[in-house]
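So the structure is just underneath, and the comments pick up after that.
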Amino acid sequence: MDFYIKAAKVISALDAKQGSIKGLTLQSGDKNGPRTYALVLETLKYRAVLEKIIKDSGMLLKERKLAAQGPLCLVLVHDLLLNKAGIVSNAGLFKDAVLRHKTRLNAEWVKAKIKLKAKDNQALAKRDETFIPRWARVNTLKTSMEAVLDSLSFPVVDSLEALKVGSVYIDVHIENLLAFHPNETLNKHKHYLDGSLIFQNKASCIPAAILNPHPGAHVIDACAAPGNKTSHLAALLQGTGKLFAFERDPRRVQVLQTMLDKAGAPCTVAHQDFTRTDPKDAQYAQVTHLLLDPSCSGSGIVNRLDYLTEQDAQPEDTVVDERLESLAAFQKALLLHAMHFPAAQKITYSTCSVHAIENEGVVIAALKARPDWQVADRSEALPSWSRRGVLAECDNNKQISEGLVRAMPGEHGTIGFFIATFEKPASKKVKKSEAAADEIDDIFG
C-alpha cells in the first residue's frame, strides 16, 4: 500500500503546484520512482473519467474514510480497472473498501465507454491538444545543416503537422533550426553527443537571432545559464569578437561552462550578478549588443505533460500578485542597467511569460526612464511573425506594439514567450559622432 500512498501524495503535490511529475517521482531518489511515475502518469490521463465513475458508483457515500483520501482512491480505482494485475498490494482498509464496489465500478466503466463511443480503454484517456515538437539547433561552430541532414537521412517534411518519428522539419523563421517529432529519440545520436546538435526550444533561439551580432562584435549575455542562448551567440559571431556571459548562481555557472565547452563556444564566463557590473569598466568599452533573458514567472512554459495537470487559466488581473510585481521590478532594473553601457547599440529583452506586467509593462517603463532608446521597427524584429505586442499595454502606440514579438503556448510549435528589441535612434548616434568629431577638431585645431 505504501506505493499507492506515495503516488497519491505526488498527485496531491501536483494539484498544489508544488512540482512536476518527473521532479516528484524520477528525481526524488526513490528506487520505486519509475514505477510511481508510470502510475501517476496513467492515472492523470484517465482522471476525468475515473472521478466520474467513482462519483456515479456511489462508493464514497458508503466508504467515508476512503472519501477523505481522494488521490489515493483515484490510483486504487485506476489499477482495479486498468491494471491487468489489479491492485498490487496486500489486503488493507482502503484496498478492501475499493474491492467491495468492484462490480459497480466495472459497470460504470462499461457505461462510460458506451456513452463516449470508445472502442477501447485508450480512447478514454485525455489527449494533449498542444503540439510541441522537439527542437534542435545545428551548432555551426562544429558542423553545418547539410552535414546534419546527411547524417540523419530523415525525409524533410513541409510542415510541423506532418512530422512523424523518423522525419524532420526545417524552421522557416530561424536559420539552422530543426524540428523533430516529440517522440523522436536523439539523445544517443553522435551529433548530440559531440555538441553539433543542441536541443533548444524555438522560443529560446529567437532572441539571439534577432540580436544578430556581426562577427567581431563584443556581446554580453546577462543571465546566461544554462547556456543555449550563449552558444547561439557564439555561433553567430563565428567564434570571433568577444562574448561575456554572466551568471550569479554557483551551481548554474558550472552548468553554463559545461554547455559552452561541449558546444565549443569561446566565451568569458563571469560568476557575477550582471546588475553589479560597472558599465564603464574598460573591458566592456566596445560592447554593442546585449541579450537579456531574466528570471520570470515562466507562465508561457509548456512541457509535454502539462496538459495532465493544467487548470483553467485565470484572467490577467487575478494573477498580478506581489511575485509578478517583484519580478517586473527586477526585470526593469536589469534592462535599465544594460542601457548604461556606453557603446551599446542593440538590446534584446525576452521572457517566457505571457503576463503583460513582465512584458509590455517593463518595455514602457524602460522607455519612459530612458527616452534615448527606442523599440526597433518590426522590420528588424522577426517581421514575418504574426503575433505582436498587445497594443493596449503599449499606451496604444502601434509602432511600439508592432516592434514586439509574442507567442502563446503551442503557436508555431513553441512555448509562450515575449521579445522586445531596443536600439539607439540613428539621430542619437549621429549627434554623438558629430560631438566626437568636434572634440577632435578642438584638440588638433
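Keep in mind that glycine also has a Cβ here, set from the backbone N, Cα and C atoms.
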Item to check | Per TrEMBL, Cys223, Ala224, Ala225, Pro226, Gly227, Asn228, Lys229, Glu247, Asp273 bind S-adenosyl-L-methionine; matching candidate in Asp261, Asp281, Asp293 | outcome: Asp293
Next on the checklist: Are there any residues at least 6 positions away along the chain from Cys352 (active site, nucleophile) with a Cβ closer than 8 Å to its Cβ? List them or say none.
Outcome noted: Ala203, Cys296, Gly298, Ser299, Gly300, Ile301, Ile415, Gly416, Phe417
Checklist outcome for this item: Simplified to three states, DSSP reports Gly227 (S-adenosyl-L-methionine binding site) as coil
Checklist outcome for this item: Same-chain residues at least 6 apart in sequence with Cβ under 8 Å of the Cβ of Lys229 (S-adenosyl-L-methionine binding site), in sequence order, are Ser204, Cys205, Pro207, Ala208, Asp221, Leu291, Asp293
Next on the checklist: Validating a neighbour-count step here. Other CB atoms within 10 A of the CB of Asp273 (S-adenosyl-L-methionine binding site): how many?
Outcome noted: 14
Checklist outcome for this item: In all the protein chains shown, the tally of other Cβ atoms within 10 Å of the Cβ of Ala225 (S-adenosyl-L-methionine binding site) is 22
